[in-house]
Amino acid sequence: GDGCGHTVLGPESGTLASINYPQTSPNSTVCEWEIRVKPGQRVQLKFGDFDIDDSDSCHSSYLRVHNGIGPTRTEIGKYCGFGFQMDGLITSKSNEVTVQFMSGTHTSGRGFLAAYSTTDKSDLITCLDNASHFSEPEFNKYCPAGCVIPFADISGTIPHGYRDSSSLCMAGVHAGVVSNTLGGQINVVISKGIPYYEGSLANNVTSKVGPLSTSLFTFKTSGCYGTLGMESGVIPDSQITASSILEWSDQTGQVNIWKPENARLKRVGPPWAAFISDDHQWLQIDLNKEKRITGIITTGSTLAEYYYYVSAYRILYSDDAQKWTVYREPGTDKDKIFQGNTELYQEVRNNFIPPIIARFFRINPLKWHQKIAMKVELLGCQFSIGRAPKITMPPPPQNKNDDKNNDFSDDFIHSVKTSLQTDKTTFTPEIKNTTVTPSVTKDVALAAVLVPVLVMVFTTLILILVCAWHWRNRKKKSEGTYDLPYWDRAGWWKGMKQFLPTKSAEHEETPVRYSSSEISHLRPREVPTMLQTESAEYAQPLVGGIVGTLHQRSTFKPEEGKEASYADLDPYNSPIQEVYHAYAEPLPITGPEYATPIIMDMSSHPSTPLGVPSISTFKAAGNQAPPLVGTYNKLLSRTDSTSSAQVLYDTPKGQSGPAAANELVYQVPQSVAHSTGNKDE
């Protein structure tokens, strides 16, 4: 009828609107749509806008929906009203529906816009829905066919995104996610808006420049939209051919050749141009092997002085460059004509839904401005899906009808190939929730498992090394702070380490070390210097470890700067063990500053020859010092087993008798040879 507006009736979905929508529909018009889907399925109808005059109670202006087509149809409902909100969907009882629109005499009313699909599309939306109608940050919806409508606007492009006021389904067609003739599923992601939205021409949809918005939306796709090598040079020049080449001389006499290899998108310089401008020209690209081709981008000459471009073209593809197939949309028997450029600079994109699977790709210009000239880039990815199984035929019987059997076999194989090619062009791709090409999904899954495991292993090794390093440093530090002298490291002294005195950081004087082995190596004149001391309030301890306490005051002061040393313990067990204080008692103020006599019992030392009597090695001035108080009255001094001489001290040098303590200086002890039990030195 004369009341039909925008109409696209697809095999599974479609869009229909009243005439002049969204403006006021004219008076006395009628339109009737007959919708059919596959047998066994049912139809569901959803209204995006409904505004029909109801002044006469749906008598002259109304919308009526019927089950079935023809005289046997039955009415589902009759609807009218201004701004009528219809909740839910209208569902048929069969695979056929009739929609009838009647417009009587009225002064207002936009009419209606509706979408339909099969009932298995539960998330059906209309062409008027935009992202602001949904609150979820990510959602899936089904777009009907026919959403490229002249009264809807979109702003933005891929990959930056579309303004939230844009029609979801129309933006999906522009992005190449769904087909305008088929519809399809979209996976929408909402994110923060941007200050500026670019405009572009793609899939016969013009996106306008848009201002700032609070949010935008993008689409999740299969990820098969990468460039295939025209711009980058992956496709060599030898694999780009053409039907003819424009060759001419300019005013200066220079020869210009616009060869096929010049047809690389964004390549500086002239494009490819055909020598003859007619609809038999073509530009051919050899991809070297089968690829999944999902789109194409074209420009004009990109030279201001040569305003050439192609405004419409066909696409052909082949596996052997001999038999060519013209690209058609599924469910149609007409070649698809792609919209090309409208000027020489702008990049125009067209997508193939479903994608083309082929090695050889050919562009056949149908319309152009002045001359056929263009630059192109192909979009797609590697083709990883296994090829169709090869059809094998049993050998025909050998008889007089061989020729007929051969003809039958050829016809059968040809029909199978034709059906396989048809399947390629009618298969609806599944939109996967991923951003990688299907050829690498297995590798990505493997990497997703291996990478965390490797990270954990390396982290564990690093932690083990760090802990071992810290433990080693702490062990070295603890061993270096408190340690035994070099001559006490062996034997049971290791078990006594905790009882040994520690070296104070604040007191720099060290205990006296009595070692005749060191004294024997000194020159005779150096011994008095070692034994010469200065007065001190407290004397240093004579020995370390657990020995009997010396109650007699000692006047020995350790040698400055010497390493700490200890005397051997008494070889006899002491019935009474007393704790030895770290320092001796204070020296008397009026007492003599002479060393306390030390009695050496050489006969009891295991390394001393027999027959050596115990003698005193010190001679004191004045009164005899009181005897040692303790369990023993003798103190063993460490002596070198190689020295068997008796040491005697003279009176102070230069003094005939007792003198002041601060003036006494002892001479070097005189060694008296002792012949009994000595070894040769």
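Note that Cβ sites are derived from N, Cα and C of the backbone, with glycine treated the same way.
Not measured: the values here are computed from a predicted model.
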Q.
Let me make sure I read this right: TrEMBL says Cys4 forms a disulphide bond with another cysteine. Which one, out of Cys31, Cys58?
A. Cys31
Q) Can you name the residues of this chain that are 6 or more positions from Cys4 (disulfide bond) yet have a C-beta less than 8 Å from its C-beta? A) Leu16, Ser18, Ile19, Cys31, Trp33, Phe101
Q: Note the mean pLDDT of the domain 'LCCL' (121-217), expressed as a whole number.
A: 94
Q.
I'd like the Cβ neighbour count for Cys31 (disulfide bond), meaning other Cβ atoms within 10 Å of its Cβ, all protein chains included.
A. 22
